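The following features are taken from Swiss-Prot:
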TOPO_DOM  1-15  topological domain 'Extracellular'
TRANSMEM  16-34  transmembrane segment
TOPO_DOM  35-56  topological domain 'Cytoplasmic'
TRANSMEM  57-75  transmembrane segment
TOPO_DOM  76-97  topological domain 'Extracellular'
TRANSMEM  98-117  transmembrane segment
BINDING   His102, His417  Fe(II)-heme a binding site
TOPO_DOM  118-139  topological domain 'Cytoplasmic'
TRANSMEM  140-157  transmembrane segment
TOPO_DOM  158-190  topological domain 'Extracellular'
TOPO_DOM  210-227  topological domain 'Cytoplasmic'
TRANSMEM  228-246  transmembrane segment
TOPO_DOM  247-272  topological domain 'Extracellular'
TRANSMEM  273-292  transmembrane segment
BINDING   His280, Tyr284, His329, His330  Cu cation binding site
TOPO_DOM  293-315  topological domain 'Cytoplasmic'
TRANSMEM  316-335  transmembrane segment
TOPO_DOM  336-343  topological domain 'Extracellular'
TRANSMEM  344-362  transmembrane segment
TOPO_DOM  363-377  topological domain 'Cytoplasmic'
TRANSMEM  378-397  transmembrane segment
TOPO_DOM  398-405  topological domain 'Extracellular'
TRANSMEM  406-425  transmembrane segment
BINDING   His415  heme a3 binding site
TOPO_DOM  426-452  topological domain 'Cytoplasmic'
TOPO_DOM  473-490  topological domain 'Extracellular'
TOPO_DOM  511-584  topological domain 'Cytoplasmic'
TRANSMEM  585-604  transmembrane segment
TOPO_DOM  605-610  topological domain 'Extracellular'
TRANSMEM  611-631  transmembrane segment
TOPO_DOM  632-649  topological domain 'Cytoplasmic'
Amino acid sequence: MKFKWDEFFVTGDPLILGAQVSIALSTIAIIFVLTYFKKWKWLWSEWITTVDHKKLGIMYIISAVIMLFRGGVDGLMMRAQLALPNNSFLDSNHYNEIFTTHGTIMIIFMAMPFLIGLINVVVPLQIGARDVAFPYLNNLSFWTFFVGAMLFNISFVIGGSPNAGWTSYMPLASNDMSPGPGENYYLLGLQIAGIGTLMTGINFMVTILKMRTKGMTLMRMPMFTWTTLITMVIIVFAFPVLTVALALLSFDRLFGAHFFTLEAGGMPMLWANLFWIWGHPEVYIVILPAFGIFSEIISSFARKQLFGYKAMVGSIIAISVLSFLVWTHHFFTMGNSASVNSFFSITTMAISIPTGVKIFNWLFTMYKGRISFTTPMLWALAFIPNFVIGGVTGVMLAMAAADYQYHNTYFLVSHFHYVLIAGTVFACFAGFIFWYPKMFGHKLNERIGKWFFWIFMIGFNICFFPQYFLGLQGMPRRIYTYGPNDGWTTLNFISTVGAFMMGVGFLILCYNIYYSFRYSTREISGDSWGVGRTLDWATSSAIPPHYNFAVLPEVKSQDAFLHMKEEKTELYPESKFKKIHMPSNSGRPFFMSVAFGLAGFGLVFEWYWMGVVGLIGVLLCMVLRSFEYDNGYYISVDEIKETERKISE
């Protein structure tokens with residue numbers, strides 16, 4: 001790639017110029033605030049180097065919300081372009097760039113980190129653990145994700161964004177058809193972030209299997225913990241495939257290999273297969289934790305034990321197995337034999353069965369329950385019908401013969417947005433609001449929260465339901481404009497109105513965070529909603545102490561904390577206080593991730609010397625870690641007593 005220095009910064013587009021100015025001003029403002037209030041040491045010692053799973057979870061969530069804003073703006077720009085025929089708001093290349101970054105950001109850099117953030121905050125508390133199995137690795141997982149996300153996101157101001165779609169199909173993603181650094185940003189940003197996700201999968205799988213408190217058998221675990229465990233198993237099996245695929249395509253682009261190009265025997269369809277062998281399990285990586293969140297919320301606010309617990313566990317396991325047997329349904333039209341299409345059509349339909357089991361379990365959990373219509377519960381209730389719509393249309397798409405009509409139309413676009421927004425995004429909002437007091441010590445305002453819910457949910461349906469009809473009328477996806485005689489103007493305009501309603505809803509959420517920080521009553525009991533059933537509600541609010549539990553609880557039933565409340569069990573008797581061993585903070589994961597970012601940035605522009613320097617930095621950090629003998633530290637009994645006294649005041 002012959003890179004021209006005068007093209008280093010993207011210029012000539014007022015939207016990108018505005019983004020560059022806002023980034024510069026935001027950076028200056030952050031530096032000024034940290035310097036003025038003398039918070040640099042606090043930022044380093046309390047957040048950047050922390051190994052506390054709760055703080056890392058909050059950092060994941062903050063990053064995900066920022067990515068939600070970026071990906072949401074991309075989506076609004078696409079809808080603005082398609083609102084009217086022959087619109088010139090975006091040119092074709094800019095639209096393709098936004099189309100690519102929107103999909104990649106929303107799935108890889110928003111949905112996954114949001115859920116991983118909630119998992120970090122909640123799951124160790126739910127199983128009665130002091131921290132995760134590998135705290136150092138947890139910090140490294142976050143920073144590799146964050147650096148990968150930042151590497152991907154700087155592409156729109158430095159060098160140029162990828163424009164081959166979020167799936168980066170070959171040969172469209174080849175050097176001939178996608179010259180420049182954009183596609184390299186995609187490959188290396190995802191590679192670095194994917195390493196962090198794989199480490200998270202290993203970490204939480206070990207944590208759940210080996211660090212549960214006394215009495216917590218597998219069949220006493222909360223459903224969110226169960227869905228997390230199965231999700232981590234999927235990650236461990238699926239993400240190595242993505243890692244290999246990204247590496248092979250990187251070799252094609254950077255070193256002239258031909259794994260996916262027709263020259264020298266390469267196979268473009270091999271990329272499609274490898275991508276979707278990872279890609280469809282990825283759908284369940286972001287859906288299964290959402291199922292767990294809704295299970296916790298519905299059970300709590302219906303004030304009933306989850307109906308069909310064993311059936312729920314079985315359905316989760318069935319979904320995880322079938323998720324690896326459906327990938328070809330993404331390209332029924334791309335030359336498979338009838339027998340191959342038939343097999344994957346059957347497996348795709350079959351996966352709807354365990355999903356349907358869960359829907360009925362949630363409905364029966366609410367049956368005859370004393371339901372409180374709180375904001376989290378509203379999101380859970382909205383999820384069920386909207387997700388069913390997405391699921392039913394998914395079964396329609398699973399019919400290989402019919403898919404020839406639906407494929408690459410807006411019918412498909414509407415389907416996966418009904419699944420991913422109604423499933424994953426609704427769950428992110430519900431879980432965020434539900435566990436918000438656990439993280440920050442106060443609830444979000446319910447009145448403002450309900451405005452957010454109704455505007456966003458109604459806007460979502462106004463935006464995406466018309467797209468089913470656009471698809472049936474033949475509107476293909478990925479087009480940046482259309483003619484006035486195509487007959488798509490009215491539905492596209494309605495869809496755009498709905499998209500901007502969703503944007504307004506997000507702004508209301510941001511206002512709610514500010515308003516609640518200023519005016520909400522501080523909550524210290526830990527059981528913020530008064531309906532807590534699991535051990536996460538047995539700890540204090542506003543980031544529980546690093547050690548989580550002054551005394552590790554003993555579990556005697558499925559809804560452990562509810563049982564303790566009913567039995568009036570003393571949670572933390574001082575007579576049982578013992579000194580607690582905790583892991584030390586470390587800054588090395590941060591520096592290792594920066595080295596990864598340096599290597600990635602160098603390889604994006606094919607500056608191999610910079611790539612080598614960055615990789616040497618990564619290796620050096622690993623070597624130094626190998627010679628580090630840090631046995632952590634102990635929290636004394638007196639310190640535990642003082643901490644618990646302050647919590648109870």
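Placement of Cβ uses the backbone N, Cα and C atoms for every residue, glycine included.
Swiss-Prot feature annotations superimposed on the structure.
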residue	record	DSSP (3 states)
His102	Fe(II)-heme a binding site	helix
His280	Cu cation binding site	helix
His329	Cu cation binding site	helix
His415	heme a3 binding site	helix
*asked:* Is the transmembrane segment (140-157) in contact with the transmembrane segment (57-75), using at least 3 Cβ pairs under 8 Å (sequence separation of 6 or more) as the test?
replied: yes
*Using Cα coordinates, what distance in whole Å links His329 (Cu cation binding site) and His415 (heme a3 binding site)?*
14
*Euclidean distance between Cα atoms of His280 (Cu cation binding site) and His417 (Fe(II)-heme a binding site), Å*: 14
*If the Cu cation site is taken as the center of the Cβ atoms of His280, Tyr284, His329, His330, which further residues of that chain fall within 8 Å of it by their Cβ?*
Trp276, Gly279, Pro281, Val283, Ser323, Val326, Trp327, Thr348
*In angstrom units, rounded to an integer, how far apart are the Cα atoms of His280 (Cu cation binding site) and His415 (heme a3 binding site)?*
14
*Near Tyr284 (Cu cation binding site), which residues of its chain come within a Cβ-Cβ distance under 8 Å, counting only those 6 or more away in sequence?*
Thr231, Ile234, Ile319, Ser320, Ser323
*asked:* Pairs 6 or more apart in sequence, C-beta under 8 angstroms, 3 or more of them: is that satisfied by the transmembrane segment (140-157) and the transmembrane segment (406-425)?
replied: no
*Cα distance, the residue listed as 'heme a3 binding site' to His102 (Fe(II)-heme a binding site), nearest Å?*
17
_His280 (Cu cation binding site): tally of other CB atoms within 10 A of its CB_ = 22
_Intrachain C-beta neighbours of the residue listed as 'heme a3 binding site', sequence separation six or more, cut-off 8 angstroms_ = Gly390, Thr393, Gly394, Leu397, Tyr468
*Counting only pairs at least 6 apart in sequence, do the transmembrane segment (228-246) and the transmembrane segment (316-335) share 3+ Cβ pairs under 8 Å?*
yes
*asked:* Please give me the CB contact count at 10 A for His329 (Cu cation binding site), counting all chains in the structure.
replied: 23
